[in-house]
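TrEMBL annotations:
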DOMAIN    A:28-254  domain 'MacB-like periplasmic core'
TRANSMEM  A:29-49  transmembrane segment
TRANSMEM  A:285-307  transmembrane segment
DOMAIN    A:286-420  domain 'ABC3 transporter permease C-terminal'
TRANSMEM  A:327-349  transmembrane segment
TRANSMEM  A:393-413  transmembrane segment
Amino acid sequence: MNSRHSHLPVAMLLMLAWRNIWRHWRRTLITLSSIAIGFALSVLMIGIGDGAHNSLIRNAIKLGEGHITVQPRGYLEAPANHKYLADGKALLAKLDALEVPGSVEPRIALQVLASTANNSVGAGLEGLSPRGDRRVDMLKPHLVDGAWIEPGDLRGIVIGAGMAGKLKAKVGGKVVLMAGKQGGDSQAQLARVRGIFDSKVDELDDYLILGDIALARRFLEGEGADPTLEPVTRFAVFLDDPDDMAAWKARLKAALESDRVAVLDWQEMMPQLVQFIMVDDAGNYIFLVLILIMVVFGILNTVLMSVLERTREFGLLRALGLARRQLLALVFCESLVLSLLAVTIGWIMGGGTHLWFSTHGIDIASLMGGGSTAMMGSFMDPVIRTELSWDRVVQLTLIIFGATLGSGIYPAIKAARVTPVQALRT
Amino acid sequence: MALLSLHGIGKRYRQGEVEVSALQGIDLEIEEGEFVALVGPSGSGKTTLLNIVGGLDAPSEGRTELNGTDITTLKEARLSDFRLFQLGFIFQAYNLVPVLSALENVELVMVMQGRPAEDRRRRAQHYLDLVGLDKVMHRRPSALSGGQQQRVAVARALAAGPRLVLADEPTANLDSENATALLDIMHRLARKQKTTFIFSTHDQRVMERAERIVTLRDGKIVDDRRVEARHHEHAD
């Protein structure tokens, strides 16, 4: 004998725990099923939430200003047409030298007044490369009339259906774009509607005018910019791997930031979207907590019932010399085994459901009766595919595992309090 | 020196507003190897006395010395270890762990003692063989008869090598044939191993096999006499 103290090897503990939980196999199966279903629901719900959010973010980034934006300092707080990056050429050369994995898209964003013979509306003129710019990729499929603008088209614009309605403008119609200059004067350019898009995102359809960057640059020339330096109002940086954003933001800040140039990420550019996702996530977490409560009571019920039924048996074990702490470990081990099983089955069910929905997706648009999936100035893809990051996998596993294990604490303490003489009397 | 010495053991407990005296002034010495029956009517204090001797219950007064150790002074954890290494228990019912086979039940106490796997397996098989259960050692208690279950309990109590085995009405739930067979086994093994046995009973058949009968009434020892065992051992 090794010592004069009671031993209970882990293998024996696990074996006893395993056999004990299957003593009432129907009860255990019902408990495991309810936990696994709860877990699968959580995985699905979190997966849909993350899928929808990520879709919204991806589209917002494409429609917006990229993962990282290089723009004049102070523009975000107080946008104005005279705030631009005068030497766009030099900045682009620096960006090229950094070899950012992805693409860098020069853009000129201006606030203008768009007028036709019928009406005038405030608008945002976005000068960009008509081919290759991600915003073009996003909006081109929504073209409902006319054609897309061609590179070098110094008159052509594409407008949203909402704006076309307000201006009563048709394809081929004239639109005068007027912009205020610093000092109070104004300048204007004549444009022609080449095409009309209908993205179902009101913020875009009612406000956005897309034109070649050369058209927009004419307004900067009016502000005194030197066109040979290729002035822009911002560079939208799109990264191949969004996970690299923090690292690239730091590098771009170090290389480009000055008292005139600011480097911002999409979260800084779109704080309302971040806020919206946080609020939506909070709702998901509340649902998750409700599922956890269900799981905790499921396990508590099973383990506590099994403890109460075995009072005599615990008394016998204590009488034979099993130490209190070993009895505690035994009952806790039953919760542990139950937790491991629940998480494993939960992952098989939840993971399977996730895999299916991540491949086939959920047709949100048809669920919404074919309505718009627009939200927060962006839109979700009509078919949402569930997404689960490794962080989420670890987080969900730990939460469910912790909850199931935690629910075994009370029954374990209750079992350990059994005194042999009282237990054997029952 | 006696293996077990009880000095002035008393046990009182409250039943509602009333204080009940379960044992009073019990003085008793039991030598190594004795096969002792505690007899008396229901409520005479047999089980209470066995619980105190086994360290399962604490006396209200008095001392219990087993093998030179005053167990009334031991703390919870040490008392638990003391039971594990010094004592064997056979209870009236529900004696076995239902999820373990007969063999595993016999091994369990030796596992807790920290005996090497090979040694405990060999001992468990040997004792199950001695009680005539070598053919059913892999069955779980639910697949064994009441008599077989009590025999497993005897094997478990003895395989762990205790100084003293305490059996609280071990035959109470058995029919006559099984009760007799169990007693024969207990007696034979006690003789063979020189293990001390104390068992409580009000069963006449059990008393007939005892070598010493201690009679309790109203919590007091009213008779203590050595007798010639009058039984004929049954083949088991």
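Glycine is no exception: its Cβ is also placed from the backbone N, Cα and C atoms.
Annotations in TrEMBL come from automatic prediction, not curation.
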Secondary structure content, the domain 'ABC3 transporter permease C-terminal' (A:286-420) (per DSSP, counts of residues): 101 helix, 8 strand, 26 coil
Cβ contacts under 8 Å made by the transmembrane segment (A:393-413) with residues that lie 6+ beyond its boundaries: 35, 39, 42-43, 46, 288, 292, 295-297, 299-300, 303-304, 306-307, 328-329, 331-332, 334-336, 338-340, 342-343, 346-347, 350
Residue numbers, six or more beyond the limits of the transmembrane segment (A:327-349), whose CB comes under 8 Å of its CB atoms: 8, 13-14, 16-18, 20-21, 28, 31-33, 35-40, 43, 295, 299, 302-303, 306-307, 314, 317-318, 397, 400-401, 404-405, 407-409, 411-413, 415-416, 418
Segment confidence, the domain 'MacB-like periplasmic core' (A:28-254), expressed as mean pLDDT: 89
